[in-house]
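**Q** Quick one: structure below, then a few questions.
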Amino acid sequence: MKLCFNEATTLENSNLKQDLELCEKHGYDYIEIRTMDKLPEYLKDHSLADLAEYFRTHHIKPLALNALVFFNNRDEKGYREIISEFKSMMETCRTLGVKYVVAVPLVTERKILKEEIKKSSAEVLTELSDIAEPYGVNIALEFVGHPQCTVNTFEQAYDIVNAVGRDNVGLVFDSFHFHAMGSNIESLKQADGKKIFIYHIDDTEDFPIGFLTDEDRVWPGQGAIDLDAHLSALKEIGFNDVVSVELFRPEYYKLTAEETIKTAKETTEAVVSKYFMKEA
């Protein structure tokens, strides 16, 4: 399995340029590029061509643009903005050689029926699939384990992906989000591993379902999530692609970027290596 770095892990103590240099130094294979902050910051002083050249001349490669945010159940103006943003992302993907865009569902205090959420999500993802197909880009739906997210369990997200029925539309499986809203491990064991495009690894303090927030994440293997169950299930269903470490821990932002990136790799590999070999 290949190792990826999600830039949320150094959100407040690094930038894209430094993330790339340190991930290259410490042997990461991939990086998920944050499009809402770190990429725009980089582009103030560099071009996309500069970034493409960096990837061309180094081991580390771009895995995904993270993320197309709140894509479903939008008003007409919001919908048009999502489509426009996604089309722009496709050009970025083409320039950099990115194969995935992470799509995050709407988070809202408004109550929306699950049927309406599924209908909107499937319709938008189908349109995005059509747009992405000529670029060879895949869309990875990331359910978010929070009560106010419109798609907040593995089962709900998997049902939407099945409704879309496109080869280039799949899931992000995030251990934190899976745990945070009580998704069922049996559902993962029965899933098609080909529908899981990216695995986000993390861990968390032991708060009740519905109370967990991103800031509660801790280094893999140092929290309450049964990562052994997640990893063994992923292996069982044939997933063996990329594991991406994603944390949002405020106290980790107080470390040096290098210490964060190094520790993230060490703790991830210690957990994952029990089930998957590191690919050369």
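Using the three backbone atoms N, Cα and C, a Cβ is placed for every residue, glycine included.
Just so it is clear, the model here is predicted, and its values are computed rather than measured.
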**Q** Same divalent metal cation site as Glu142, Asp174, His200 according to Swiss-Prot: which of Glu109, Glu115, Glu236, Glu246?
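**A** Of Glu109, Glu115, Glu236, Glu246, Glu246 joins Glu142, Asp174, His200 in the divalent metal cation site that Swiss-Prot records.
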**Q** Does DSSP give Asp174 (divalent metal cation binding site) helix, strand or coil?
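**A** DSSP call for Asp174 (divalent metal cation binding site): strand.
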**Q** For a quick check of packing: other C-beta atoms within 10 Å of the C-beta of Asp174 (divalent metal cation binding site), how many?
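**A** Neighbour count, Cβ to Cβ under the 10 Å cut-off: 24.
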**Q** Measure from the Cβ of Glu142 (divalent metal cation binding site) and count the other Cβ atoms within 10 Å, all protein chains considered.
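**A** Other Cβ atoms within 10 Å of Glu142 (divalent metal cation binding site): 25.
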**Q** Count the other Cβ atoms sitting within 10 Å of the Cβ of Glu246 (divalent metal cation binding site), across every protein chain shown.
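**A** For Glu246 (divalent metal cation binding site), the 10 Å Cβ neighbour count is 26.
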**Q** Does His200 (divalent metal cation binding site) have same-chain partners at least 6 apart in sequence with Cβ under 8 Å from its own Cβ, and which are they?
**A** Asn6, Glu142, Val172, Phe173, Asp174, Ser175, Phe176, His177, Ser244, Val245, Glu246
**Q** Does DSSP give Glu142 (divalent metal cation binding site) helix, strand or coil?
**A** strand
